[in-house]
Amino acid sequence: MAKIQAPVKIKDVLYVTFTDLTHEGKAVAKVEGYPLFVEGALPDETGEIEVTKLNKGYGFAKLIRLDQIVPERVVPPCSVYDECGGCQLQHMTYEGQLKMKYNQVRNVIDRIAKLPDVPVHPVLGMEDPWRYRNKAQVPVGMNSGHIVAGFYKKRSHDIIDMTECLIQHEQSDNIIQKVKDVCAANGVMPYDEQRHKGVLRHVMARIGYTTGEMMAVLVTRTAELPNKEAIIKGIRDAIPGITSIVQNVNPDKTNVIFGNQTRTLWGEDVIYDLIGDVKFAISARSFYQVNPVQTEVLYGKALEFAGLTGDEVVIDAYCGIGTISLFLAKKAKEVYGVEIVPQAIEDAKKNAALNGITNAQFQAGKAEEVIPAWYKQGIRPDVIVVDPPRKGCDDALLQTILEMKPKKVVYVSCNPGTLARDLRVLEDGGYKTCEVQPVDMFPQTTHVEAVAVLTL
Ligand code: SAH
């Protein structure tokens, strides 16, 4: 192995000034140009660190002591913030978080897309950046003789017992606690990962923010749930207003949460929620945006950028359960959605019917294959909306867009880096990026979404 050339050694203790924050929320300290990544510090703070790991070109250190702190620093309100790892920015004010996310988007638009003149607007944040998630899923296990439910401790499979998670809906906390208690009271053993024994593996809670409907999902190793009737009654008594109790069976030795078999134990198979005035049916296994409030903000921007008058043909690539397609359908002539997961397409069709929307069509398949086929069939979109996964658009899809020449492209992105890369490809193909609007869908975490609009 080639020797690593670094100006520091493992276990060196150094006094540093932090200069930057990575997109993972780690602070950067540079020693003779060599970056060390440190959790828990913020730019412009100073303090002592101990070097823990050296790689070629960069290393890691742990924070020992902070000396000077910045006004953006706050005491994280969550009691398990350090162990959990689910949030990365709770030690920063919300304003500071939004500023950091803005810088991240601005930076890649300048450096990767090479578009320093394109406006990037301030991040649209939440009025109340807590309790925004509508879906919680936590592992259940045993810890010193007690049944515990919570999150895996960072980089381990030890379960931290947790009574509240400040980014989840309060009712999700309640559902998790009550399901755990009712199961314990009825002799249901938690799953033991080592021995592949026990019953209750995970509890999931889903909440319809606009309807108030609530679903509890018990993921079990065995198809049989001991004392089933007593458990159903116990959960209904403990959680007034619950509308759906579902069991999912996962008999496998695996890290994957869900198995293939799902059955409703009591109540409805789905809960409903609204984004804008479009209603969605959400089953235990459906994909659905986790921050419904900001989803409306993000898709509202996409709709505004699309500038529809009612005459347009729109393609929604990577459409999922059709959230954007249905949101746009009311303002468009026709919408075509494509998505790789067949079950999501089934949900999209059901959601169209649920809303009486008849001008939206959905097809399962790869966007980069289905859209060229549509083009051959004579479908000529005026607007194409893309909302790809983190890796961005497939190059074949970008080339198809350049061939189809829609007047507008609206790009919704969960990864600024791949957004910037793809914008450059579209720019080189003759499109012009007009503006970029970041939206904060995941306060307290480092994730940032953005929507960009391009014209031919
Ligand atoms: N707009 C959707 C979700 C987009 S997330 C919504 O709001 O509900 C990205 C989606 O792209 C996922 O549903 C994923 O399954 C899908 N996907 C990934 N690769 C794809 C491909 N090559 N072609 C079509 N869809 C793809």
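The backbone N, Cα and C atoms fix where each Cβ goes, and this holds for glycine too.
These features come from TrEMBL:
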type: ACT_SITE; residues: Cys414; note: active site, nucleophile
type: ACT_SITE; residues: Cys414; note: active site
type: BINDING; residues: Gln289, Tyr318, Glu339, Asp387; note: S-adenosyl-L-methionine binding site
type: DOMAIN; residues: 7-65; note: domain 'TRAM'
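The Cβ neighbour count for Asp387 (S-adenosyl-L-methionine binding site), using a 10 Å radius and every protein chain shown, is 23. Across the domain 'TRAM' (7-65), DSSP helix (H, G, I), strand (E, B) and coil residues number 0 helix, 33 strand, 26 coil. Recorded residues Cys414 (active site, nucleophile) and Asp387 (S-adenosyl-L-methionine binding site) have their alpha carbons 8 Å apart, per Cα-Cα distance. In sequence order, Tyr318, Cys319, Gly320, Ile321, Gly322, Ile345, Ala348, Phe362, Ala364, Ala367 constitute the residues six or more apart from Glu339 (S-adenosyl-L-methionine binding site) in its chain with CB-CB distances below 8 Å. Across the residues the record lists as binding S-adenosyl-L-methionine (Gln289, Tyr318, Glu339, Asp387), the two Cα atoms farthest apart are 15 Å from each other. Mapped onto three states, the DSSP output places Glu339 (S-adenosyl-L-methionine binding site) in strand. Those residues of the chain, other than Gln289, Tyr318, Glu339, Asp387, with a C-beta within 8 angstroms of the mean position of the S-adenosyl-L-methionine site C-beta atoms are Asp316, Cys319, Gly320, Ile321, Thr323, Ile324, Pro388, Val412.
Neighbour density for Tyr318 (S-adenosyl-L-methionine binding site): within 10 A of its CB lie 20 other CB atoms from the protein chains shown. The Cβ of Gln289 (S-adenosyl-L-methionine binding site) lies under 8 Å from the Cβ of Ile275, Thr295, Thr323, Met441, each on the same chain and at least six residues away in sequence.
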